[in-house]
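Pulled from TrEMBL, these are the features on record:
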| type | residues | note |
| --- | --- | --- |
| REGION | 1-27 | region 'Disordered' |
| TRANSMEM | 130-148 | transmembrane segment |
| TRANSMEM | 200-219 | transmembrane segment |
| TRANSMEM | 240-267 | transmembrane segment |
| TRANSMEM | 273-291 | transmembrane segment |
| TRANSMEM | 303-326 | transmembrane segment |
Amino acid sequence: MVESRNDETSPLLATAPSETDKTPPGLMNVPTWTELQGFWELCRLHNNIGFWVVWLPTAWSISMAYRANTSISALQALLRAAEYIPLCFGIKSLAQIMTIDDILDEDVDALVERTRLRPIPRGAVSLKRAWLFFSVQALVGVFCAFSFLSKPALYVSIPVWPLYIIYPTCKRWTNLAPVPLGIMFKIGVFMGWADMVGTINWHVLVPVYIGACCWTLTYETVYQHQDKLDDVKIGLHSPALFVGAHTLFVCTITALLFLSLVSYGAFLNGHSWAFFSAMSIAAFLLLNRLWKTDIDVPADCKRLFLDTTLIGNIILLGFVVDSLFYRVSQGLEI
C-alpha cells in the first residue's frame, strides 16, 4: 500500500452519500459536496505524512548542496526548500499517486478493513469521475513540473514518472512493492541538489538515495503487517508476508543500511560532528521503536510509520546545523 494512506477516515469525511448524492453525477457535471469530500480524501489532504517522506529527502539534498557550494546562500536554500513544499504536498507526487493508487486498487480496497471506507469503494466518487479527476491532476502536475522545476531537476525526475502508474499494481504480482515506491518517492535526493547546483554529485548522492530507499523498505514492511490477514484472503503480495516472522531482523538490516549509507554520503560531502550527533539520535529512535514493535499489533506498526516524520526531521536538522556551523567556523557568508 502506498505511503500516505487514509487509514482511519474521520467521521466527517467518511459519511455515506446523501439521498441526493446516490445517483452518480454525469461525467462532466458539477461535483456534489460528497464528491468534493471524496476528492479531498483521494489527495490525502487530510493526512500529511506522505508529504514528509517525499519532501524530507529533497530538503536533505538542498542542505547538502548548501554545505558543498559556498556560493549558495542560506536564503536561497531556504526559499528553494519552501518552493518544494506545494510540489511535494500536492502536485509533484502525492495527489496524483494517491488518486491513481485508489483507482487501480478500487476492487481490493473494498475487501480490506483498513481501506473499505476510501472514497471510491464507499461510493463517494465514481470510478469514471475519479479517472477524470486524475487526468486533470496529471495535466496540472506536468505543467507545474515544467514551469517550476529547473531543467536538471526535471530531467532527473522524469525517469520515475512511469512508476506512478506501475506501483499501484505491484502488490498483485510482487512482494517488493516498496522498492519502486522508494525509487520514486526518494528521487528528491537528486532533485534538490540538481536544482541548487545545476549538476549532480553522483558519488555523494547515490549512497544517500539508496539509503533513503532502504528507509522506505523498513517502515513499509512493518506498516504492511496491518493488512496481512486481508492480503492473505485476497491473494495479494507484500513484503510483510514475504519475510513474516523475520520482519524485525530484516528491517533492522535495512534500517542499518539506511543510517549507514546516508551517513556515508554525508561524510563524503564533508559533514562533521553536528550532523553525526543528529544521526545518532535518529538511529536510536528508529531502532528503539523498531525493536519495540509487535508486528501482530496494528497500532504498533502504524506508530513506527508515523515516527518517520520525526526521524527525517532530526536528520534534516543535523544537515542544516552542520552546514551553518561550517560556514560560521570558516568565516564564510551564511
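Placed from the backbone N, Cα and C atoms, the Cβ positions cover glycine too.
By number of Cβ pairs under 8 Å, the transmembrane segment (273-291) is matched best by 303-326 from the list 130-148, 200-219, 240-267, 303-326. Sequence-distant neighbours of the transmembrane segment (303-326) (same chain, 6+ residues past either end, Cβ-Cβ under 8 Å): 49, 52-53, 56-57, 59-60, 63-64, 66-67, 74, 215, 219-220, 222-223, 262, 266, 270-279, 281-282, 285-286, 289-290, 293, 332, 334. Long-range neighbours of the transmembrane segment (240-267) within the same chain, counting only residues 6 or more positions beyond its ends whose Cβ lies under 8 Å from a Cβ of the stretch, are 60, 64, 175-176, 204-208, 210-212, 214-215, 217-218, 221-222, 224-225, 227-228, 231-232, 275-276, 279, 282-283, 286-287, 290-291, 293, 295, 315, 319.
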